[in-house]
């Protein structure tokens, strides 16, 4: 089962709603890959022993891991943090999230600055490249349990748009035009 992605509609309704255009049209995963977004579907019930997850971590150098529950009952300053997550931003490093439970939306900008909504559910591991404009919100379930992966010590610094002069943004834009090979094949 693959993640679902679509171009978002232009309404200003609750961000936790799907914002699917009508008629419903899903984007192929290779369209996400062209933006540098990588995806795997793994077994969230056995993440401690998952060989494929171990291989991804070793190959990509992800040596730090933590778990995070995002829901009103478990996250201090829930409303404020969700608002911050939904503010369009970039990071200087990849953002790696593995959904163990629940579901939520990552929105990324395409090459024409349109929003693509990516619905992640249990078992979905997604990697957003450094420098891509994105944001996150829960869906109407109001819960997601995530594994966060990092290279080295975690850095959670978000740089809100505009960031066209940020080195990670410049490298990202360059990568869209030069297309280099990926060290590990994603699904």
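Glycine is treated like the rest: Cβ placed from N, Cα and C.
Listed in TrEMBL:
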BINDING   89, 91, 95, 134  Ni(2+) binding site
BINDING   89, 91, 95, 134  Fe(2+) binding site
>> Within its own chain, what residues at least 6 apart in sequence put their Cβ under 8 Å from the Cβ of residue 91 (Ni(2+) binding site), listed in sequence order?
In response: 128, 130, 131, 155, 157, 158, 159, 168
>> Around the C-beta of residue 89 (Ni(2+) binding site), how many further C-beta atoms are within 10 angstroms, looking at every protein chain?
In response: 19
> Taking the Cβ of residue 134 (Ni(2+) binding site) as centre, how many other Cβ atoms lie within 10 Å?
Replying inline: 24
> Using the Cβ centroid of 89, 91, 95, 134 as the reference point for the Ni(2+) site, which residues of the same chain not in that list have Cβ within 8 Å?
Replying inline: 90, 128, 132, 133, 135, 158
